[in-house]
Amino acid sequence: MKFPASVLASVFLFVAETTAALSLSSTYRSGGDRMWQALTLLFSLLPCALVQLTLLFVHRDLSRDRPLVLLLHLLQLGPLFRCFEVFCIYFQSGNNEEPYVSITKKRQMPKNGLSEEIEKEVGQAEGKLITHRSAFSRASVIQAFLGSAPQLTLQLYISIMQQDVTVGRSLLMTISLLSIVYGALRCNILAIKIKYDEYEVKVKPLAYVCIFLWRSFEIATRVVVLVLFTSVLKTWVVVIILINFFSFFLYPWILFWYSGSPFPENIEKALSRVGTTIVLCFLTLLYTGINMFCWSAVQLKIDSPDLISKSHNWYQLLVYYMMRFIENAVLLLLWYLFKTDIYMYVCAPLLVLQLLIAYCTAILFMLVFYQFFHPCKKLFSSSVVEGFQRWLRCFCWACRQQKPCDPTGKADLQSSRDRDETPSSSKTSPEPSQFLNAEDLCSA
């Protein structure tokens, strides 16, 4: 049975970030910064409440008679209790023989074009551990993008405006960044397991390292760009946030309306139509929060029974990173034009260049992951290198088609001028052979 390391990591980040945020808020209170204290507590306690609700919803404890569990979740101690329960199940799994097991069928990754189907027995203890891992993975994603991401943005903004980085603030920013990167990593793994549910997926350690580096550069660059822009143009950042928010929030609903599918009713049997709508809006909000800071790796599809699109769309990935790179470049340019005296000792051109290179580095690690370390790369219809080669051939073909047109146009223009002009003995015109040689040289 696999050791529940992901559960331990989720609980550690949850406890560490909450403790660091509460400690820093008390520091703001003693310093008289009431607004910073309120925002720090908001971005700490709101994801805590959402994490408790997520764990209750996944385990369906609201419909079961477990008053102690409900009390612990009300006291914000639900993740600690769930972690204790997970390790009790793990250490007791080898001592008791389970009378009931379920059989799951998974297909192996194709080898030499052939894929075998294997059967695996899953006991009750292992099934409970799978449920706990799934619940904590979703809780980590919620904590990362609805709590840690705005918390990191807030604390970095305070540090720039006050031109001071305290120990407590730097500790909270570090933990928040780790929480966001871990949440994005879990989002990648969830996307792979959902899209390739019929296959036995094994993620190698180098794949985790590649995803970690990809997400670290992407998220850190995005947060720094937003904070720099906010520090000089506070009003316009609201416009940028609203455009991003409504674009990603309304996009799944527009696709759902355009498909003409009926309203989904099979999310949870105990939920009414209003409850289903609330759950769908919350999922859309989470999807929006993820895409505002990084690529979500999953596409929300409301008309699907799984609510997730299982097709891998390279076009959406390309469009997202192209638009995000352009947006970051424009925001950095505006920051450079309107920067204030607090950046007097900062080499602005070098900082802009470093941030753009860091974002390109994130894209490079993403391409490396999909080319070499993706656990299901054998199922791709085309690899990253093949797609790049195909794009390069199209680009070269377009350039070759365009080059012969330029000399022809120049020759036609010159011949029309020669027809319009009247030849005279006092004027000398260049020889035609000189134009031909120049055109041949350019075409070569």
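Including glycine, each Cβ sits where the backbone N, Cα and C put it.
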Range among 167-185, 186-204 that TrEMBL annotates as transmembrane segment:
167-185
Report, as numbers and ranges, every residue of the chain located at least six residues beyond the transmembrane segment (235-258) whose Cβ falls under 8 Å of a Cβ in that stretch; write 'none' if there are none.
226, 229, 284-285, 287-288, 291-292, 300-303, 327, 331, 334
Against which stretches of its own chain does the transmembrane segment (270-298) lie, if we need a Cβ under 8 Å and a gap of at least six residues from its ends?
60, 63, 141-142, 145-146, 149, 180, 184, 187-188, 190-191, 194, 215, 218-219, 222-223, 241, 244-245, 248-249, 252-253, 263-264, 307-309, 317, 320-321, 366
